[in-house]
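Some features that TrEMBL has for this protein:
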| type | residues | note |
| --- | --- | --- |
| ACT_SITE | SER180 | active site, nucleophile |
| ACT_SITE | HIS241 | active site |
| DOMAIN | 111-257 | domain 'Peptidase S54 rhomboid' |
| TRANSMEM | 68-86 | transmembrane segment |
| TRANSMEM | 116-141 | transmembrane segment |
| TRANSMEM | 153-170 | transmembrane segment |
| TRANSMEM | 176-198 | transmembrane segment |
| TRANSMEM | 205-224 | transmembrane segment |
| TRANSMEM | 236-256 | transmembrane segment |
| TRANSMEM | 268-289 | transmembrane segment |
Amino acid sequence: MTGKRSRSFKCAVHHRDREVSSENDFHLLLVEPPLFRRMVTIVADEFLTDDRDRKYYADNYTCCPPPFFVIIITLVELGFFTYYSISTGELNPSGPVPIDSIFIYRPDKRTEIWRFMFYMMLHAGWLHLGFNLVVQLLVGLPLEMVHGSGRVALIYMAGVVAGSLGTSVFDPDVYLVGASGGVYALLAAHLANVLLNYNNMQCGILRLFGIFAIASCDVGYAIYSRYAEEVMGPPVSYVAHLTGALAGLTIGLLVLKNFEQKLHEQLLWWVALGVYAACTIFAILFNVLNPSVSTVENLGDGVNSQYVLYNRFGV
C-alpha cells in the first residue's frame, strides 16, 4: 500500500475495468479530464474536508440539478440594469441611478415593504453591477454546487433583507440600491463553511486569516470613503455590507452542511440562531414603531441636486 501512487498499483486498481492490463497500457488513464470535471475537482478540494468525500463528489457530480439560483439572480439583475440603461439612455460607472423606481429602497417609503428586498435588482452604474455579479458567481456557484440551491438562496436573501433593515436602523437617511448585502452574505457564508470544517481543511487557519483580512480592509475603506473623503459619486453603504455579512455568517452556520458535527458546534448553532433572530426582530420592531421619516425634498435638476442626492445615497 505504500506504493499506492505507483503505476503498478494503479494498474491493479483499474484492472477490473479491463482498460488496463499492464503498465504499458496505463497511458489510457493519463488523458486529461475535461474542463467541467477539473472545475468540479477544484470545488471538492475547496469545500469538502475528507479525501473520500472529495473523490466521490468529483467522480459523481453531474450538475443535475444545476446551480440555478445564482445564475438566475445574476441574469435578472443584469436584465434590470440593461432596461434602465436603455430607458434613460445613460451608461457610466456611477449610473444610471433609477431614483424614481418602485424597487429602490427609500427612507420616506418604508411602509412599502417590498422595497426592503427588491432594491437588490437595481445598481448604481456598471462598476457596481460588475463587482457584485463577479463576486456572487465566483463565491456563490461553488457554494451552491456543494450545499444546494435552497441553502444558498436562503443565505443570499437573508443578506439582502438584513442590509436594508440594518440601513433603516443605523443609517436611516440614505437611499439604497444593489445586491451588496446578498454578496457579502455569500462571502460570510464561505467563512461559515470554513469555521464549520476548518479542522479538516487544508490550511484552514490561513483561510480564516485571509477572509478576515480582506473583509477588514474592504469595510475600513468603505467607512473612510463615507466619512473622511469627499466623494462625488454614491457613497458605499457600509452598514448594508456589515449587516448582510452578519446575516450570511449566522444563517450559514445554521443551514450549511457540517461534514463533521461536534458538540461545541451544536452550541455555535444555537448562538447563531439567537443572534440572527434578535437582530431581525429588533430591526422589524424599529420600523414598525417608526413607520415614516421626513419626506425627501424634490431635488430638481442639475449637478448640484445630483451631488445632494449622492450624499444621501448608498450602494
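Keep in mind that glycine also has a Cβ here, set from the backbone N, Cα and C atoms.
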Mind checking which residues of the chain, 6+ beyond the ends of the transmembrane segment (68-86), have their Cβ under 8 Å from one of its Cβ atoms?
-> 96, 98, 101, 103, 120-123, 126, 129, 132-133, 136-137, 140-141, 144, 149, 152-153, 156, 179, 182
Under a Cβ pair cut-off of under 8 Å, which of the recorded stretches 153-170, 236-256, 268-289 contacts the transmembrane segment (116-141) most often?
-> 153-170
Taking the Cβ of SER180 (active site, nucleophile) as centre, how many other Cβ atoms lie within 10 Å?
-> 29
If you draw a 10 Å sphere around the Cβ of the residue listed as 'active site', how many other Cβ atoms fall inside it, taking every protein chain shown into account?
-> 28
Work out how many Å separate the residue listed as 'active site' and the residue listed as 'active site, nucleophile' at their Cα atoms, rounded off.
-> 6
